[in-house]
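Peer 1: Annotated transmembrane segment per TrEMBL: B:12-33, B:40-60, B:109-135, B:142-160, B:191-210, B:231-261, B:273-300, B:312-330, in sequence order.
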Amino acid sequence: MAVGSFFTSFDLSAFINALILGISIASIWLIAALGLTIIYGAAGVINMAHGEFIMLGAYSSYMLQSFLGFPFVLCVPASFLIVALVGLVLERGLIRYLYKRPLDTLLATFGVSLVLMQGVRLIFGSDPKYLAVPPIFSSNIQFSFVNISVFRVVVLLVTLGIVTGLWALFYRTRFGVQVRAVMQDKEMAASFGVNADRVYMLTFALGAGLAGVAGSLFGVLNIVLPTMGASYVVQAFLVVVVGGGTLAGSVAAGGATGELQSIFAYFTNDTFARFLLFVLIVVFLRIRPQGLFAPSAKRR
Amino acid sequence: MNLYHRPGAQWLAYLVFYVVLAAVPFVVSDNFLLNQLSTYGVFAMLALSISLCWGFGGILNLGQGIPFGLGAYGMAMTMQMQSQDASNPMPPFMLNNSLDRLPLFWVPFWNTGVGITLALVVPTLFCAIFGWLMFRARVSGPFFAIMTLAMLSAWGTLILDIQPYTNGVNGITPPAPLKLGEIVVDPYSPAAYWTVLALLVLATVVAKLMTLSRFGLVVQSVRNDAERVRFLGYNVAGYETAIYTISGFFAAVAGCCWVMLTQYVSPAQFDTTFSLSMVIWAGIGGRMSLMGAILGAFLIQGAQSYLGDAFLNTWLLILGGFFILVVRFLPKGLIGLVESALGRLSSSTGGKTDGNGVSSIRSRLLQQPGE
């Protein structure tokens with residue numbers, strides 16, 4: 001009886017919509033987590049200010065758009081550069097002194113996140129800002145019973161593009177070889193003439209820049225607020241933890257968690273789905289504490 | 001020997017500190033100020049629990065809001081049920097959310113004793129299970145910190161979500177102060193202040209004795225090198241779970257006290273900012289020192305109350321900046337300054353100095369003294 005009523009209430013088209021929404025959620029979490037993955041994977045730094053980097057990306061897009069009249073398509077790469085620069089300054093000024101104390105990088109970057117959040121609130125105020133996009137981005141695609149907004153497709157495509165680009169960067173360039181060498185064994189890489197300090201600096205800037213891209217996209221999906229980073233950062237962390245700190249791991253973890261969230265949410269509701277997902281992740285880590293695809297070699 | 005590391009001197013410092021605190025109600029007649037000071041005592045207990053777990057156990061815990069919040073909710077439910085009776089068994093917010101009878105998990109809170117016991121046992125049990133799951137899998141360091149953060153946010157959203165049972169974002173506001181038998185605990189009275197203070201003293205003494213005990217030594221060696229302790233045949237996961245659970249229990253006690261003082265609890269107690277500020281108190285005061293963490297809580301919360309108004313917009317900016325500086329330059333917190341000052345004093349008054357630098361560094365690494 002209960003099973004029967006379950007199946008009658010089970011609506012296939014709505015479920016397929018939920019699955020598609022899951023892909024979109026996955027791409028959002030993944031793009032939020034990419035910068036974090038790179039910074040954690042390469043330098044072992046847990047960047048608590050990552051959410052605020054996302055927020056900075058959104059605000060720099062907002063600034064470029066409303067004060068300089070940049071078109072949105074140009075705002076995205078521009079906020080990459082701006083936030084990457086912020087990341088570079090932070091790494092040179094603070095993080096590089098703390099590489100030997102990984103827990104302290106977590107704390108110091110939390111201090112940074114407080115400063116950034118309050119700083120932005122002082123400059124721009126606490127009222128929400130909005131990013132304008134070309135009208136084609138704000139429409140919906142209707143394909144028989146499947147319904148999804150164009151912008152979510154854009155986010156998905158950008159995520160795919162960035163993942164491909166990162167893969168090419170890490171596995172097809174000289175810099176990528178250096179990064180992977182430093183990841184495996186910093187001293188050994190240094191003795192082969194790799195400037196590990198420079199690698200850390202550049203990966204940190206790259207990770208920050210990716211947060212900037214994510215932020216300028218999230219600014220369209222949602223409103224732009226000084227506190228907006230906090231809502232993405234926990235999910236981004238979970239993607240990194242479940243994935244194990246590698247690029248492939250984050251892609252798989254982002255896909256799995258996003259899809260599961262959407263499926264759970266279909267059967268219950270958003271918040272309860274989140275609770276269920278988190279509990280599931282705890283159980284998962286009990287079985288595979290190193291994450292899905294952990295780097296097999298020794299770290300530093 | 002550095003006076004700072006001498007247990008006798010440490011106990012004396014605690015004695016002086018708490019005698020001064022106990023005398024406060026004789027000087028302060030303003031009840032609101034007294035209530036505020038009592039809440040600082042609660043925060044100090046939280047900082048103490050963080051110091052146990054992070055400073056001594058090396059387990060950075062960003063989710064201390066979970067046991068605190070669960071304890072607080074348990075206490076609020078107990079106090080709420082004290083205002084209900086058989087003819088009117090349901091709190092008003094449940095009626096507003098159109099529940100037709102009292103939810104099952106609220107029923108035990110009819111009895112004050114059972115309610116308070118649950119408020120302490122449930123969070124402790126949660127910490128034990130969660131800690132055991134994580135530490136058995138050897139999840140440690142930053143990963144554990146992130147998982148506590150995730151659990152915190154999961155609990156926060158869950159409590160927010162089940163509005164008919166917890167009144168969602170509005171939280172629970174028990175209408176009357178706590179009654180223990182015939183005694184009514186007026187949150188603005190010196191009695192409430194002394195109750196909190198007594199619990200804080202008790203927690204401090206227990207924590208201090210623990211760090212001096214054999215158990216405390218093993219916990220500290222787990223912090224310094226878990227792998228080596230494991231090879232020596234100790235059950236590392238067991239010790240980690242134990243210290244994490246004990247620290248969670250202290251946080252649950254703090255949660256109960258907090259609701260007793262404020263008659264209010266809401267999902268804001270599960271905010272990440274709140275849990276992280278506990279870490280900030282302990283970090284700025286000095287995580288390696290129980291006293292440092294306690295002083296840190298008093299200092300930061302006091303500053304927030306009194307300077308926070310003057311620097312309303314820049315307070316977080318100042319706090320964040322200050323915290324960065326402490327993490328960067330003073331990993332032992334402000335109390336570390338006292339330590340080195342006393343160290344200089346004792347070495348200038350003919351204290352034995354180490355012959356060579358290496359052995360001095362070695363002994364410092366090996367000692368990593370509790371206080």
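Glycine too: its Cβ is placed from the backbone N, Cα and C atoms.
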Peer 1: Are there at least 3 C-beta pairs under 8 angstroms linking the transmembrane segment (B:231-261) and the transmembrane segment (B:273-300), leaving out pairs fewer than 6 apart in sequence?
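Peer 2: As far as Cβ distances go (cut-off 8 Å, pairs 6 or more apart), the transmembrane segment (B:273-300) and the transmembrane segment (B:231-261) do not touch.
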Peer 1: As a test: from B:12-33, B:40-60, B:191-210, pick the stretch that has the greatest number of Cβ pairs under 8 Å with the transmembrane segment (B:231-261).
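Peer 2: Per the Cβ under 8 Å count, B:40-60.
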Peer 1: Counting only residues 6 or more past its boundaries, what in the same chain has a CB within less than 8 Å of a CB in the transmembrane segment (B:191-210)?
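Peer 2: Hits for the transmembrane segment (B:191-210): 10-11, 14, 18, 21-22, 24-25, 34-35, 37-38, 41-42, 44-45, 48-49, 51-52, 185, 216, 246, 250, 253, 257, 260-261, 290, 294.
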